[in-house]
(Lines of atoms letter the chains of each structure in order from A and count residues from 1; the text may use other names and numbers.)
(Lines give C-alpha, C1' and ligand atoms only; values in the text may rest on other atoms or scores of the structure.)
Protein backbone atom coordinates (compact mmCIF):
# COMPACT_ATOMS: atom_id res chain seq x y z
CA UNK A 1 0.00 0.00 0.00
CA UNK A 2 1.22 3.48 -0.82
CA UNK A 3 0.14 6.99 0.08
CA UNK A 4 -1.21 8.83 -2.92
CA UNK A 5 0.78 11.92 -1.98
CA UNK A 6 3.87 10.85 -3.90
CA UNK A 7 1.96 9.40 -6.81
CA UNK A 8 0.16 12.26 -8.51
CA UNK A 9 -0.35 16.01 -8.27
CA UNK A 10 -2.08 18.59 -10.38
CA UNK A 11 -0.02 21.32 -11.96
CA UNK A 12 -2.11 23.84 -10.06
CA UNK A 13 -1.03 22.44 -6.73
CA UNK A 14 2.61 22.64 -7.75
CA UNK A 15 2.28 26.33 -8.45
CA UNK A 16 1.56 27.18 -4.83
CA UNK A 17 4.38 28.08 -2.46
CA UNK A 18 4.61 28.60 1.28
CA UNK A 19 5.53 32.22 0.74
CA UNK A 20 2.19 32.82 -1.01
CA UNK A 21 0.18 31.49 1.91
CA UNK A 22 -0.80 33.58 4.91
CA UNK A 23 -1.00 31.99 8.34
CA UNK A 24 -4.81 32.06 8.13
CA UNK A 25 -4.63 30.39 4.71
CA UNK A 26 -2.49 27.60 6.13
CA UNK A 27 -4.94 27.13 9.00
CA UNK A 28 -7.80 27.00 6.48
CA UNK A 29 -5.96 24.38 4.41
CA UNK A 30 -5.38 22.31 7.51
CA UNK A 31 -9.04 22.52 8.58
CA UNK A 32 -10.50 21.68 5.16
CA UNK A 33 -8.63 18.44 4.62
CA UNK A 34 -10.64 15.58 3.09
CA UNK A 35 -9.39 12.00 3.31
CA UNK A 36 -8.01 10.46 0.14
CA UNK A 37 -9.08 7.00 -0.96
CA UNK A 38 -6.36 4.53 -0.02
CA UNK A 39 -4.90 2.55 -2.93
CA UNK A 40 -2.83 -0.62 -2.84
CA UNK A 41 0.43 -0.28 -4.71
CA UNK A 42 3.91 -1.72 -4.56
CA UNK A 43 6.29 -0.21 -2.00
CA UNK A 44 8.34 2.75 -3.15
CA UNK A 45 11.99 2.18 -3.97
CA UNK A 46 14.73 4.03 -2.14
CA UNK A 47 18.20 4.46 -3.58
CA UNK A 48 20.83 3.93 -0.87
CA UNK A 49 23.95 6.02 -1.13
CA UNK A 50 27.11 6.03 0.93
CA UNK A 51 26.82 7.97 4.17
CA UNK A 52 26.98 11.65 3.35
CA UNK A 53 29.59 13.58 5.22
CA UNK A 54 30.51 15.95 2.48
CA UNK A 55 27.82 18.62 2.80
CA UNK A 56 29.58 21.94 2.63
CA UNK A 57 28.92 25.16 4.49
CA UNK A 58 26.92 25.82 7.61
CA UNK A 59 23.47 26.19 6.04
CA UNK A 60 20.61 23.78 6.66
CA UNK A 61 17.29 23.84 4.81
CA UNK A 62 14.19 23.82 7.01
CA UNK A 63 10.75 22.69 5.83
CA UNK A 64 8.36 24.71 7.98
CA UNK A 65 4.81 24.37 6.66
CA UNK A 66 3.37 26.86 9.14
CA UNK A 67 2.09 24.76 12.03
CA UNK A 68 2.96 24.62 15.70
CA UNK A 69 6.22 25.44 17.43
CA UNK A 70 9.08 25.24 14.95
CA UNK A 71 10.87 28.12 16.66
CA UNK A 72 12.48 25.71 19.14
CA UNK A 73 14.00 23.74 16.26
CA UNK A 74 15.19 26.97 14.65
CA UNK A 75 16.76 28.09 17.91
CA UNK A 76 18.47 24.73 18.39
CA UNK A 77 19.94 24.83 14.88
CA UNK A 78 21.23 28.36 15.41
CA UNK A 79 22.52 27.40 18.86
CA UNK A 80 24.65 24.75 17.15
CA UNK A 81 26.12 27.39 14.84
CA UNK A 82 24.18 26.83 11.62
CA UNK A 83 22.24 29.20 9.41
CA UNK A 84 18.74 28.36 8.16
CA UNK A 85 17.35 28.55 4.67
CA UNK A 86 13.57 28.18 4.57
CA UNK A 87 11.74 26.13 1.98
CA UNK A 88 9.46 28.37 -0.09
CA UNK A 89 8.96 26.25 -3.21
CA UNK A 90 9.32 22.53 -4.03
CA UNK A 91 12.53 23.39 -5.88
CA UNK A 92 14.10 24.50 -2.59
CA UNK A 93 13.67 20.96 -1.28
CA UNK A 94 15.32 19.42 -4.33
CA UNK A 95 18.26 21.85 -4.06
CA UNK A 96 18.86 21.31 -0.33
CA UNK A 97 22.18 19.91 0.90
CA UNK A 98 20.64 18.92 4.25
CA UNK A 99 16.91 19.01 4.93
CA UNK A 100 15.18 19.04 8.33
CA UNK A 101 11.41 18.52 8.47
CA UNK A 102 9.97 19.23 11.97
CA UNK A 103 6.41 18.01 11.47
CA UNK A 104 3.96 19.44 13.99
CA UNK A 105 0.24 18.93 14.55
CA UNK A 106 -2.26 16.54 12.99
CA UNK A 107 -1.32 14.07 10.23
CA UNK A 108 -4.18 14.92 7.84
CA UNK A 109 -3.69 18.67 8.14
CA UNK A 110 0.02 18.38 7.42
CA UNK A 111 -0.53 16.16 4.38
CA UNK A 112 -3.08 18.61 3.04
CA UNK A 113 -0.67 21.54 3.19
CA UNK A 114 2.20 19.50 1.72
CA UNK A 115 0.03 18.22 -1.10
CA UNK A 116 -1.54 21.56 -2.03
CA UNK A 117 1.84 23.30 -2.11
CA UNK A 118 3.56 20.55 -4.13
CA UNK A 119 6.01 19.86 -1.31
CA UNK A 120 5.00 16.20 -0.86
CA UNK A 121 6.18 15.16 -4.32
CA UNK A 122 9.46 17.02 -3.87
CA UNK A 123 9.96 15.38 -0.46
CA UNK A 124 9.50 11.93 -1.97
CA UNK A 125 11.98 12.63 -4.75
CA UNK A 126 14.53 14.02 -2.28
CA UNK A 127 14.26 11.06 0.11
CA UNK A 128 14.13 8.41 -2.62
CA UNK A 129 17.49 9.71 -3.83
CA UNK A 130 18.96 9.18 -0.35
CA UNK A 131 19.68 12.83 0.30
CA UNK A 132 20.54 13.90 3.90
CA UNK A 133 17.16 14.16 5.64
CA UNK A 134 15.98 14.41 9.26
CA UNK A 135 12.28 14.13 10.01
CA UNK A 136 11.08 15.06 13.50
CA UNK A 137 7.94 13.76 15.26
CA UNK A 138 5.18 14.07 12.64
CA UNK A 139 8.03 14.34 10.14
CA UNK A 140 8.66 10.65 10.88
CA UNK A 141 5.02 9.57 10.81
CA UNK A 142 4.34 11.15 7.41
CA UNK A 143 6.93 8.83 5.82
CA UNK A 144 4.63 5.84 6.40
CA UNK A 145 1.84 4.59 4.16
CA UNK A 146 -1.08 5.98 6.12
CA UNK A 147 -2.39 7.09 9.50
CA UNK A 148 -5.52 6.26 11.48
CA UNK A 149 -5.63 9.82 12.87
CA UNK A 150 -8.93 11.26 11.62
CA UNK A 151 -8.60 8.68 8.87
CA UNK A 152 -7.48 6.53 7.31
CA UNK A 153 -5.34 9.22 5.68
CA UNK A 154 -2.61 8.59 3.13
CA UNK A 155 0.99 9.42 3.96
CA UNK A 156 4.03 9.70 1.72
CA UNK A 157 4.22 5.92 1.40
CA UNK A 158 7.99 5.60 1.74
CA UNK A 159 8.02 3.19 4.70
CA UNK A 160 5.67 0.20 5.05
CA UNK A 161 3.22 0.50 7.92
CA UNK A 162 0.23 2.34 9.34
CA UNK A 163 0.48 4.97 12.06
CA UNK A 164 -2.03 4.09 14.79
CA UNK A 165 -3.12 5.46 18.13
CA UNK A 166 -1.67 4.28 21.43
CA UNK A 167 -3.95 1.92 23.32
CA UNK A 168 -5.07 3.53 26.58
CA UNK A 169 -6.98 0.43 27.69
CA UNK A 170 -3.81 -1.14 29.12
CA UNK A 171 -3.44 1.64 31.68
CA UNK A 172 -0.99 3.81 29.76
CA UNK A 173 -2.00 7.43 29.40
CA UNK A 174 -2.50 8.92 25.97
CA UNK A 175 -0.93 11.17 24.74
CA UNK A 176 2.50 9.80 25.52
CA UNK A 177 4.06 12.92 27.03
CA UNK A 178 7.42 13.19 28.73
CA UNK A 179 10.96 11.88 28.91
CA UNK A 180 11.36 8.21 28.01
CA UNK A 181 14.17 5.76 27.22
CA UNK A 182 15.37 4.41 23.86
CA UNK A 183 16.30 0.87 22.92
CA UNK A 184 18.79 1.26 20.08
CA UNK A 185 18.36 -1.48 17.47
CA UNK A 186 21.25 -0.75 15.12
CA UNK A 187 24.01 1.71 14.36
CA UNK A 188 22.23 4.94 13.57
CA UNK A 189 25.14 7.40 13.87
CA UNK A 190 22.97 10.29 15.03
CA UNK A 191 22.04 8.45 18.28
CA UNK A 192 25.64 7.73 19.28
CA UNK A 193 25.77 10.40 22.00
CA UNK A 194 22.40 9.67 23.62
CA UNK A 195 23.59 6.91 25.94
CA UNK A 196 21.08 5.69 28.52
CA UNK A 197 19.42 9.04 28.90
CA UNK A 198 15.84 10.23 28.48
CA UNK A 199 14.58 11.94 25.34
CA UNK A 200 11.37 13.93 25.03
CA UNK A 201 8.22 12.56 23.42
CA UNK A 202 4.81 14.17 22.94
CA UNK A 203 2.42 12.26 20.67
CA UNK A 204 -0.79 10.21 20.59
CA UNK A 205 0.00 8.17 17.46
CA UNK A 206 2.93 5.92 16.65
CA UNK A 207 4.26 3.51 14.05
CA UNK A 208 4.95 -0.09 15.04
CA UNK A 209 7.93 -2.20 13.98
CA UNK A 210 7.19 -5.11 11.65
CA UNK A 211 8.96 -7.52 9.31
CA UNK A 212 8.13 -5.17 6.44
CA UNK A 213 9.86 -2.13 7.97
CA UNK A 214 12.49 -3.69 10.22
CA UNK A 215 15.33 -2.64 7.90
CA UNK A 216 14.38 0.98 8.62
CA UNK A 217 14.13 0.80 12.43
CA UNK A 218 17.13 2.19 14.32
CA UNK A 219 15.55 2.44 17.78
CA UNK A 220 12.34 1.70 19.64
CA UNK A 221 10.72 2.98 22.81
CA UNK A 222 8.45 1.08 25.16
CA UNK A 223 5.14 2.60 26.16
CA UNK A 224 2.76 -0.29 26.60
CA UNK A 225 4.26 -1.77 23.42
CA UNK A 226 7.52 -1.20 21.59
CA UNK A 227 6.97 1.50 18.98
CA UNK A 228 9.35 3.01 16.42
CA UNK A 229 11.36 5.82 18.03
CA UNK A 230 13.69 6.42 15.07
CA UNK A 231 14.46 5.20 11.57
CA UNK A 232 17.60 5.26 9.50
CA UNK A 233 18.33 4.09 5.97
CA UNK A 234 21.37 5.48 4.26
CA UNK A 235 21.34 9.25 4.71
CA UNK A 236 17.66 9.32 5.62
CA UNK A 237 16.89 9.71 9.33
CA UNK A 238 13.74 10.47 11.29
CA UNK A 239 12.91 10.49 15.01
CA UNK A 240 9.61 10.39 16.89
CA UNK A 241 11.11 12.27 19.83
CA UNK A 242 12.19 15.91 19.83
CA UNK A 243 15.95 16.29 19.24
CA UNK A 244 15.77 20.03 19.94
CA UNK A 245 15.10 19.25 23.61
CA UNK A 246 18.09 18.93 25.96
CA UNK A 247 20.20 15.80 25.31
CA UNK A 248 18.50 15.48 21.93
CA UNK A 249 20.66 18.37 20.72
CA UNK A 250 23.40 15.80 20.15
CA UNK A 251 21.16 14.17 17.53
CA UNK A 252 20.87 17.44 15.64
CA UNK A 253 24.63 18.00 15.95
CA UNK A 254 25.40 14.52 14.59
CA UNK A 255 23.03 14.99 11.65
CA UNK A 256 24.33 18.44 10.76
CA UNK A 257 27.95 17.36 11.06
CA UNK A 258 28.28 13.59 10.49
CA UNK A 259 32.07 13.79 10.95
CA UNK A 260 31.77 15.20 14.46
CA UNK A 261 33.03 12.79 17.09
CA UNK A 262 30.97 14.06 20.00
CA UNK A 263 31.92 12.66 23.37
CA UNK A 264 33.75 9.36 23.11
CA UNK A 265 31.97 8.14 26.19
CA UNK A 266 28.47 9.63 26.35
CA UNK A 267 27.29 10.74 29.75
CA UNK A 268 25.52 7.68 31.09
CA UNK A 269 22.09 7.93 32.61
CA UNK A 270 19.76 5.33 34.01
CA UNK A 271 16.80 5.78 31.70
CA UNK A 272 14.60 2.69 31.53
CA UNK A 273 11.03 3.98 31.22
CA UNK A 274 8.86 7.09 31.16
CA UNK A 275 10.09 9.46 33.88
CA UNK A 276 7.94 11.44 36.25
CA UNK A 277 8.23 15.13 35.38
CA UNK A 278 9.11 18.04 37.67
CA UNK A 279 7.74 21.28 36.23
CA UNK A 280 8.59 24.86 37.16
CA UNK A 281 5.71 27.31 36.82
CA UNK A 282 6.05 31.05 36.39
CA UNK A 283 2.99 33.24 36.98
CA UNK A 284 3.69 36.29 34.82
CA UNK A 285 1.93 39.65 34.98
CA UNK A 286 2.59 43.35 34.78
CA UNK A 287 3.22 45.09 38.08
CA UNK A 288 1.95 48.53 38.97
CA UNK A 289 4.91 50.09 37.15
CA UNK A 290 4.12 48.27 33.92
CA UNK A 291 7.04 45.84 34.16
CA UNK A 292 6.54 42.16 33.35
CA UNK A 293 7.44 40.14 36.47
CA UNK A 294 7.12 36.67 37.92
CA UNK A 295 4.81 36.64 40.90
CA UNK A 296 3.22 34.05 43.19
CA UNK A 297 -0.12 34.06 44.90
CA UNK A 298 -1.36 32.95 48.28
CA UNK A 299 -4.64 31.27 47.36
CA UNK A 300 -4.43 33.26 44.10
CA UNK A 301 -3.79 36.64 45.81
CA UNK A 302 -0.56 37.99 44.24
CA UNK A 303 -0.30 41.26 46.19
CA UNK A 304 1.87 41.79 49.25
CA UNK A 305 0.04 42.30 52.52
CA UNK A 306 1.62 45.70 53.05
CA UNK A 307 0.46 49.30 53.04
CA UNK A 308 1.56 49.66 49.41
CA UNK A 309 -0.23 46.42 48.43
CA UNK A 310 2.14 46.03 45.49
CA UNK A 311 2.32 43.01 43.19
CA UNK A 312 4.69 40.41 44.62
CA UNK A 313 7.85 40.48 42.46
CA UNK A 314 9.94 37.30 42.40
CA UNK A 315 12.10 38.01 39.39
CA UNK A 316 12.28 38.38 35.62
CA UNK A 317 10.59 35.62 33.64
CA UNK A 318 13.26 34.97 31.00
CA UNK A 319 16.08 34.84 33.54
CA UNK A 320 14.16 32.56 35.91
CA UNK A 321 13.16 30.19 33.12
CA UNK A 322 16.80 29.95 32.04
CA UNK A 323 17.87 29.15 35.58
CA UNK A 324 15.23 26.45 35.98
CA UNK A 325 16.39 24.83 32.75
CA UNK A 326 19.95 24.71 34.10
CA UNK A 327 18.63 23.36 37.42
CA UNK A 328 17.00 20.41 35.66
CA UNK A 329 13.33 21.35 35.26
CA UNK A 330 11.64 18.96 32.84
CA UNK A 331 9.30 21.66 31.58
CA UNK A 332 8.67 25.35 32.14
CA UNK A 333 5.12 26.65 32.29
CA UNK A 334 4.20 30.32 31.87
CA UNK A 335 0.83 31.50 33.07
CA UNK A 336 -0.03 34.99 31.85
CA UNK A 337 -2.36 35.90 34.70
CA UNK A 338 -3.32 39.21 33.12
CA UNK A 339 -4.38 37.40 29.95
CA UNK A 340 -8.08 37.50 30.74
CA UNK A 341 -8.02 41.31 30.82
CA UNK A 342 -6.02 41.97 27.67
CA UNK A 343 -6.27 40.96 24.07
CA UNK A 344 -3.83 38.05 23.63
CA UNK A 345 -2.46 39.02 20.19
CA UNK A 346 -1.72 42.47 21.55
CA UNK A 347 0.10 41.02 24.53
CA UNK A 348 3.48 41.58 22.93
CA UNK A 349 5.56 41.40 26.15
CA UNK A 350 4.41 37.83 26.78
CA UNK A 351 5.21 36.84 23.22
CA UNK A 352 8.65 38.36 23.63
CA UNK A 353 9.15 36.34 26.81
CA UNK A 354 8.47 33.14 24.87
CA UNK A 355 10.73 34.13 21.99
CA UNK A 356 13.67 35.03 24.21
CA UNK A 357 13.20 32.05 26.53
CA UNK A 358 13.12 29.52 23.70
CA UNK A 359 16.50 30.74 22.43
CA UNK A 360 18.35 29.09 25.32
CA UNK A 361 15.85 26.90 27.15
CA UNK A 362 15.66 23.49 25.50
CA UNK A 363 12.85 21.87 27.46
CA UNK A 364 9.13 22.11 26.62
CA UNK A 365 7.43 25.46 27.19
CA UNK A 366 3.73 25.77 28.00
CA UNK A 367 1.86 29.07 28.03
CA UNK A 368 -1.64 29.86 29.25
CA UNK A 369 -3.84 32.88 29.79
CA UNK A 370 -6.31 34.53 27.42
CA UNK A 371 -6.22 31.95 24.62
CA UNK A 372 -9.74 32.29 23.24
CA UNK A 373 -11.82 33.65 20.36
CA UNK A 374 -11.85 37.43 20.29
CA UNK A 375 -13.38 40.36 18.43
CA UNK A 376 -11.38 43.58 18.73
CA UNK A 377 -12.67 47.13 19.05
CA UNK A 378 -12.67 47.51 15.27
CA UNK A 379 -14.91 44.49 14.85
CA UNK A 380 -12.18 42.17 13.56
CA UNK A 381 -12.66 38.59 14.67
CA UNK A 382 -9.69 36.43 15.68
CA UNK A 383 -10.25 32.72 16.20
CA UNK A 384 -8.63 30.87 19.04
CA UNK A 385 -6.64 29.06 16.33
CA UNK A 386 -5.01 32.32 15.30
CA UNK A 387 -4.33 33.24 18.91
CA UNK A 388 -2.84 29.81 19.68
CA UNK A 389 -0.79 29.93 16.50
CA UNK A 390 0.80 33.18 17.62
CA UNK A 391 1.89 31.54 20.87
CA UNK A 392 3.14 28.42 19.09
CA UNK A 393 5.12 30.45 16.59
CA UNK A 394 6.64 32.42 19.45
CA UNK A 395 8.06 29.30 21.10
CA UNK A 396 5.28 27.53 23.01
CA UNK A 397 5.18 23.73 22.73
CA UNK A 398 1.79 23.50 24.42
CA UNK A 399 -0.95 25.97 25.22
CA UNK A 400 -3.10 25.92 28.34
CA UNK A 401 -6.80 26.79 28.32
CA UNK A 402 -8.66 27.64 31.53
CA UNK A 403 -11.96 29.50 31.70
CA UNK A 404 -12.82 28.89 28.05
CA UNK A 405 -12.63 25.12 28.61
CA UNK A 406 -15.07 25.42 31.50
CA UNK A 407 -17.60 27.27 29.33
CA UNK A 408 -17.19 24.69 26.55
CA UNK A 409 -17.75 21.82 28.99
CA UNK A 410 -20.84 23.45 30.46
CA UNK A 411 -22.30 23.86 26.98
CA UNK A 412 -21.54 20.26 26.06
CA UNK A 413 -23.12 18.92 29.25
CA UNK A 414 -26.24 20.96 28.49
CA UNK A 415 -26.61 20.11 24.79
CA UNK A 416 -24.70 16.81 24.42
CA UNK A 417 -23.46 18.25 21.10
CA UNK A 418 -19.85 18.78 20.06
CA UNK A 419 -20.01 21.99 18.06
CA UNK A 420 -16.34 21.99 17.12
CA UNK A 421 -16.37 25.75 17.71
CA UNK A 422 -14.78 25.96 21.16
CA UNK A 423 -11.12 26.89 21.44
CA UNK A 424 -10.41 23.47 22.94
CA UNK A 425 -11.98 21.59 20.03
CA UNK A 426 -10.54 23.82 17.30
CA UNK A 427 -6.96 23.82 18.55
CA UNK A 428 -6.83 20.10 19.35
CA UNK A 429 -8.29 19.23 15.93
CA UNK A 430 -5.68 21.19 14.03
CA UNK A 431 -2.60 20.85 16.25
CA UNK A 432 -3.37 17.54 17.95
CA UNK A 433 -4.60 17.03 21.50
CA UNK A 434 -1.01 16.64 22.74
CA UNK A 435 -0.61 20.40 22.23
CA UNK A 436 -3.58 21.35 24.46
CA UNK A 437 -3.54 21.47 28.26
CA UNK A 438 -6.67 22.30 30.25
CA UNK A 439 -6.01 24.10 33.51
CA UNK A 440 -8.58 23.38 36.22
CA UNK A 441 -8.92 25.72 39.22
CA UNK A 442 -11.20 24.06 41.81
CA UNK A 443 -11.95 24.76 45.45
CA UNK A 444 -13.23 22.29 48.02
CA UNK A 445 -16.89 22.62 49.03
CA UNK A 446 -18.00 20.60 52.05
CA UNK A 447 -21.36 18.81 52.19
CA UNK A 448 -23.05 16.51 54.68
CA UNK A 449 -23.57 13.61 52.30
CA UNK A 450 -22.83 12.42 48.74
CA UNK A 451 -26.44 12.95 47.68
CA UNK A 452 -26.48 16.62 48.63
CA UNK A 453 -25.09 17.67 45.22
CA UNK A 454 -25.21 16.33 41.68
CA UNK A 455 -21.42 16.32 41.44
CA UNK A 456 -18.87 13.65 42.31
CA UNK A 457 -17.96 13.79 46.01
CA UNK A 458 -15.23 12.30 48.15
CA UNK A 459 -15.25 11.27 51.79
CA UNK A 460 -12.80 13.66 53.46
CA UNK A 461 -10.11 12.43 55.87
CA UNK A 462 -10.81 15.39 58.17
CA UNK A 463 -14.34 16.76 58.79
CA UNK A 464 -15.24 20.16 57.39
CA UNK A 465 -15.81 23.32 59.51
CA UNK A 466 -19.31 22.13 60.45
CA UNK A 467 -18.45 18.47 60.82
CA UNK A 468 -19.14 17.64 57.14
CA UNK A 469 -17.80 14.27 56.06
CA UNK A 470 -17.95 14.83 52.30
CA UNK A 471 -16.80 17.41 49.78
CA UNK A 472 -16.93 18.16 46.08
CA UNK A 473 -14.55 20.30 44.04
CA UNK A 474 -16.19 23.34 42.47
CA UNK A 475 -14.54 24.68 39.33
CA UNK A 476 -13.84 28.39 39.03
CA UNK A 477 -13.09 30.82 36.20
CA UNK A 478 -11.41 34.21 35.86
CA UNK A 479 -8.47 33.44 38.09
CA UNK A 480 -10.54 31.75 40.80
CA UNK A 481 -12.84 34.72 41.31
CA UNK A 482 -16.05 33.12 40.01
CA UNK A 483 -17.43 29.71 40.97
CA UNK A 484 -19.33 27.64 38.41
CA UNK A 485 -21.92 24.88 38.68
CA UNK A 486 -19.59 22.13 37.52
CA UNK A 487 -17.26 19.88 39.48
CA UNK A 488 -13.61 19.16 38.74
CA UNK A 489 -14.42 15.48 38.15
CA UNK A 490 -17.16 16.30 35.65
CA UNK A 491 -15.02 18.92 33.92
CA UNK A 492 -12.04 16.59 33.57
CA UNK A 493 -14.15 13.86 31.96
CA UNK A 494 -15.73 16.27 29.48
CA UNK A 495 -12.57 18.11 28.40
CA UNK A 496 -10.89 14.79 27.71
CA UNK A 497 -13.77 13.96 25.38
CA UNK A 498 -13.58 17.39 23.73
CA UNK A 499 -9.90 17.02 22.90
CA UNK A 500 -7.69 17.93 25.85
CA UNK A 501 -4.38 16.08 25.89
CA UNK A 502 -3.34 16.88 29.45
CA UNK A 503 -4.82 18.34 32.62
CA UNK A 504 -3.09 20.85 34.88
CA UNK A 505 -4.85 20.31 38.19
CA UNK A 506 -4.61 23.23 40.59
CA UNK A 507 -6.25 23.63 43.99
CA UNK A 508 -7.21 27.04 45.36
CA UNK A 509 -7.33 25.75 48.94
CA UNK A 510 -3.72 24.51 48.80
CA UNK A 511 -2.23 27.30 46.70
CA UNK A 512 0.76 28.89 48.43
CA UNK A 513 0.24 26.95 51.66
CA UNK A 514 3.28 24.67 51.39
CA UNK A 515 1.50 21.80 53.15
CA UNK A 516 1.44 19.40 50.24
CA UNK A 517 -0.69 18.65 47.21
CA UNK A 518 -4.38 17.84 47.60
CA UNK A 519 -3.94 14.09 47.29
CA UNK A 520 -7.70 13.39 47.41
CA UNK A 521 -8.34 15.72 44.48
CA UNK A 522 -5.42 14.49 42.38
CA UNK A 523 -6.30 10.83 42.94
CA UNK A 524 -9.93 11.53 42.06
CA UNK A 525 -9.06 13.16 38.74
CA UNK A 526 -6.07 11.04 37.71
CA UNK A 527 -8.16 7.89 38.24
CA UNK A 528 -11.04 9.33 36.21
CA UNK A 529 -9.23 10.17 32.96
CA UNK A 530 -6.81 8.43 30.63
CA UNK A 531 -4.81 11.55 29.72
CA UNK A 532 -1.81 12.74 31.77
CA UNK A 533 -2.51 14.81 34.90
CA UNK A 534 -0.10 17.41 36.30
CA UNK A 535 -0.40 17.90 40.07
CA UNK A 536 -0.20 21.54 41.14
CA UNK A 537 -0.63 23.75 44.22
CA UNK A 538 0.73 23.18 47.72
CA UNK A 539 4.25 21.78 47.35
CA UNK A 540 6.48 22.85 50.22
CA UNK A 541 9.00 20.02 50.65
CA UNK A 542 10.65 17.28 48.60
CA UNK A 543 8.50 14.69 50.37
CA UNK A 544 5.38 16.23 48.86
CA UNK A 545 6.58 15.23 45.39
CA UNK A 546 7.20 11.59 46.27
CA UNK A 547 3.87 11.47 48.10
CA UNK A 548 1.88 12.62 45.09
CA UNK A 549 3.64 10.18 42.76
CA UNK A 550 3.25 7.25 45.16
CA UNK A 551 -0.36 7.87 46.13
CA UNK A 552 -1.86 9.03 42.81
CA UNK A 553 -1.51 8.45 39.09
CA UNK A 554 -0.15 11.93 38.42
CA UNK A 555 2.34 12.03 35.54
CA UNK A 556 4.01 15.25 36.66
CA UNK A 557 4.18 17.64 39.60
CA UNK A 558 4.43 21.40 39.30
CA UNK A 559 5.66 24.00 41.75
CA UNK A 560 6.34 27.71 41.72
CA UNK A 561 6.97 29.58 44.95
CA UNK A 562 9.35 27.07 46.53
CA UNK A 563 11.53 27.25 43.42
CA UNK A 564 11.33 31.05 43.09
CA UNK A 565 12.27 31.59 46.73
CA UNK A 566 14.99 28.91 46.53
CA UNK A 567 13.43 27.06 49.46
CA UNK A 568 13.58 23.71 47.66
CA UNK A 569 15.97 23.32 44.67
CA UNK A 570 14.78 21.27 41.70
CA UNK A 571 17.82 19.01 41.97
CA UNK A 572 16.95 18.25 45.59
CA UNK A 573 13.47 17.17 44.49
CA UNK A 574 14.92 14.84 41.85
CA UNK A 575 17.56 13.40 44.18
CA UNK A 576 14.83 12.60 46.68
CA UNK A 577 12.62 10.99 44.04
CA UNK A 578 15.50 8.81 42.84
CA UNK A 579 16.18 7.75 46.41
CA UNK A 580 12.53 6.72 46.71
CA UNK A 581 12.77 4.60 43.56
CA UNK A 582 10.85 7.00 41.29
CA UNK A 583 12.36 7.40 37.82
CA UNK A 584 13.23 10.96 36.82
CA UNK A 585 15.34 12.56 34.13
CA UNK A 586 18.83 13.44 35.34
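Backbone N, Cα and C define each Cβ position, glycine as well.
Remember, TrEMBL labels are computer predictions, not curated facts.
Noted in TrEMBL for the protein shown:
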ACT_SITE  137  active site, for GATase activity
ACT_SITE  242  active site, for GATase activity
ACT_SITE  244  active site, for GATase activity
ACT_SITE  283  active site
ACT_SITE  441  active site
BINDING   137  L-glutamine binding site
BINDING   370, 506  substrate binding site
DOMAIN    62-248  domain 'Glutamine amidotransferase'
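When the alpha carbons of residue 283 (active site) and residue 506 (substrate binding site) are compared, the span between them is 13 angstrom.
Using a 10 Å Cα-Cα cut-off from residue 242 (active site, for GATase activity), none of the recorded positions among 370, 441, 506 qualify. For residue 370 (substrate binding site), the nearest neighbour among the active-site residues 137, 244, 441, judged by Cα separation, is 441.
Considering only the active-site residues 137, 244, 441, the residues lying within 10 A of residue 506 (substrate binding site) on a C-alpha to C-alpha basis are 441. Spacing of residue 244 (active site, for GATase activity) relative to residue 441 (active site) is 32 Å (Cα to Cα, whole number).
Rounded to a whole value, the Cα-Cα separation of residue 441 (active site) and residue 137 (active site, for GATase activity) is 32 Å.
Around residue 441 (active site), a 10 Å sphere centred on its CB holds 27 further CB atoms from the protein chains shown. Around residue 137 (active site, for GATase activity), the C-beta neighbours below 8 angstroms that are at least 6 residues distant in the chain are 102, 103, 104, 202, 203, 239, 240, 241, 242.
Residue environment of residue 283 (active site) contains 24 other Cβ atoms, counted within 10 Å of its Cβ in all protein chains. As a whole-number mean, the pLDDT of the domain 'Glutamine amidotransferase' (62-248) in this prediction is 94.
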